[in-house]
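Below you'll find the structure, written out as C-alpha cells, and then a few comments.
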Amino acid sequence: MTTLRLLISDSYDPWFNLAVEECIFRQMPATQRVLFLWRNADTVVIGRAQNPWKECNTRRMEEDNVRLARRSSGGGAVFHDLGNTCFTFMAGKPEYDKTISTHIVLAALNSLGVMADASGRNDLVVKTPDGDRKVSGSAYRETKDRGFHHGTLLLNADLSRLANYLNPDKKKLAAKGITSVRSRVANLTELLPGITHEQVCQAVTEAFFAHYGERIDAEVISPDKTPDLPNFTETFARQSSWEWNFGQAPAFSHLLDERFTWGGVELHFDVEKGVITRAQAFTDSLNPAPLEALAGRLQGCQYRADKLQETCEALIATFPEQESELRELANWVAGAVR
C-alpha cells in the first residue's frame, strides 16, 4: 500500500485552502507523506504570532478586497495572488525532514531549467547580475509526531502589490509581534517566460514521485462540495473567522490623535486578542463629557472599525447636541483602525 498522498486544490480561497491543510495535517497517518498544491487569490497571509494591524495596510486591503489569512505556522507576512504557486509537504516523525522537501522543490526547479539554492532557513534564491533574488519562501510547523513545510513559488506575482499591503501606514503601535523581513524577490517568469502554474505543479509532483520512487493519482479538492475531511466545516469556520485572523494578534497598544475644529483628541488603546482592554480619551474640547463616556464604552469592544464606529455613534442618544462632532469622531476612528 502506498504511503504517498497528492492533493490539488481547485479553490482560490485562502481560508478554504488553509482549512484543508489543517485537516489533512491533523488526521494523516504518521506513516504518510503528503504533497498538497494550491494557490490563493489576493490575500495577505500572516504568521501565527503576528499582528495584522502592524504588518498590513488593513485599510487598503479592505478597499481592494484583499483577504487576511492567519496561518498556523510561524514566520512573516506575505502577499499571495494567482501568480504564486503554494506547496505543502507533510510527514510523520522521525521521517519528517524539511531538507527533503527543500531538495524536492530545488529538483523541480532544476528540471525546469532554473538553478536555485537554499538560503538561510526559509528561502530559495537564484543568482542574477543584481545579486541573489528570492523566488520561494517557506514556513514550518511541528507537533509531537508530525511536521509540515509549506511555502510559495513566485511565478508571475504582481510584485508591485507586495509593497501596497505589506508596508503599512505608520501607526503608533508598540507591538510584541514579529516584524516581517522584506526581501528582494524575483518571478520565475523572468527566468522562464510563459511558465504556468500547472507546469510548476507538474514539476514539483514529478520530483516528489522521483524522490520516493512511487506514483499515485492526485485527489482534487474542490470548493463545489465540502471536502470529505474530518472536522472540515468547523476548521473552515475557525480559519475564516475574525477571531482567528485578527483576534489572535499579540497584545499591543495604539495611540490615535487628531485635531478637529471643535478640539484635539487623543485615544489610547490597549488591545489583547483583538479586544480593547483599556481605553483612555484626552481632549481640549470645551465639552469633554462625550469623550469621557466613550472611553468607558470602548473597554471590552472588539478592535474592529465597524464596532468602534457603532460605539461612537451610540453616544448620540446621550449627547444629541454633539451629534455632528460624534459622527465626525466615529468616521475618523473607524478609518484610523482599518
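Glycine residues also receive a Cβ, built from the backbone N, Cα and C atoms like all the rest.
Taken from Swiss-Prot, the feature ATP binding site applies to Arg71, Gly76, Ala77, Val78, Phe79, Lys134. The (R)-lipoate binding site annotation in Swiss-Prot covers Lys134, and the record cites sequence analysis as its basis. The domain 'BPL/LPL catalytic' annotation in Swiss-Prot covers 29-216.
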For Ala77 (ATP binding site), the three-state class that DSSP assigns: coil
Cβ-Cβ neighbours of Phe79 (ATP binding site) (radius 10 Å): 24
Greatest inter-residue Cα distance in Å for the ATP-binding set Arg71, Gly76, Ala77, Val78, Phe79, Lys134: 21
